[in-house]
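Quick notes on the structure that follows.
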């Protein structure tokens, strides 16, 4: 371990295996707080590489509580959070709409990073249990096309890093790991990142982690597909990464100002998104979710983004997505 730490102090890059060893030590409580702080800051100042991020994610997945992984295609749609936008929960809403469109989503999430309401804050406000046993969550994925996996339930090792992370008060590699450590190990994903500089490195990380198809996105300061600005995309497909931009026109949707997506407390977000998922939402909210669902449907092989967006809008306006929220809430 001292050799690995010394490499970091010399601004050298760790291999994927070394990073995995380091993070295995971190999540099993083997590092002193000063060592942990030094390692995290050394990586941050130099800039974390895809192999270091992949090694860390591999360590966390190996330590995670097991989830009975399905053999059918399923996805996650998730953002790093921390974009500072304090917007409504686009990815959480998109998961329910995608489920109502007929694809399966195992959403991995946590409490808020920078907004007043993270994905699990919202789900709790909907009355959805955050601690369903893994078998019951898998059953919900089978029968309702959607389940939610609450990060702390599966990743107990995070607790060893929490005090240091809180004291450092700055972003570290842990801020990008959340979307990469879904214990269900989905082969497909749409992952939003808080900085355009992370789009390509996270796509390269997903390749190392063995994802079949995934899109990493950043849209005008937000960790999702945006309608107020062009969205930067790095798409991984069968081991190849393609970079491109998406505009509202690519989805056949209108442009909307970022302020139109402003969120509030979990209760306020619940009320806004209840109306949206019941088919009574605001146009800006409907179209923002439709754009994100459209890209997610592409990961399942539905290649036409305009068709996908129209399908998502029709689903939103039918109120079918709300049935999935209500059915999941009934399970505990």
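Each Cβ is built from the backbone N, Cα and C atoms, and glycine gets one as well.
Worth saying up front: this structure is predicted, and the values here are computed from it rather than measured.
If you check Swiss-Prot, you get these features:
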type	residues	note
BINDING	79, 110	anthranilate 1 binding site
BINDING	79, 82-83, 87, 89-92, 107-115, 119	5-phospho-alpha-D-ribose 1-diphosphate binding site
BINDING	91, 224	Mg(2+) 1 binding site
BINDING	165	anthranilate 2 binding site
BINDING	223, 224	Mg(2+) 2 binding site
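The candidate set comprises the binding-site residues 108, 111, 165. Of these, 108 has the most other Cβ atoms within 10 Å.
Its own atom aside, the Cβ of residue 87 (5-phospho-alpha-D-ribose 1-diphosphate binding site) has 24 Cβ atoms within 10 angstroms in the protein chains shown.
Of all the binding-site residues listed here (91, 110), the one with the fewest other CB atoms within 10 A of its own CB is 110. Under the three-state DSSP scheme, residue 79 (anthranilate 1 binding site) falls in the strand class. The Cβ of residue 223 (Mg(2+) 2 binding site) lies under 8 Å from the Cβ of 79, 80, 81, 82, 83, 85, 192, 193, 194, 217, each of these being in the same chain and 6 or more residues away along the sequence. Non-local neighbourhood of residue 224 (Mg(2+) 1 binding site): 79, 90, 91, 192, 217, 288, 292, each in the same chain, at least six residues away, with C-beta under 8 Å from its C-beta. Taking all protein chains in view, 29 other C-beta atoms sit within 10 angstroms of the C-beta of residue 79 (anthranilate 1 binding site). Residue 110 (anthranilate 1 binding site) is 16 Å away from residue 87 (5-phospho-alpha-D-ribose 1-diphosphate binding site) when you measure Cα to Cα.
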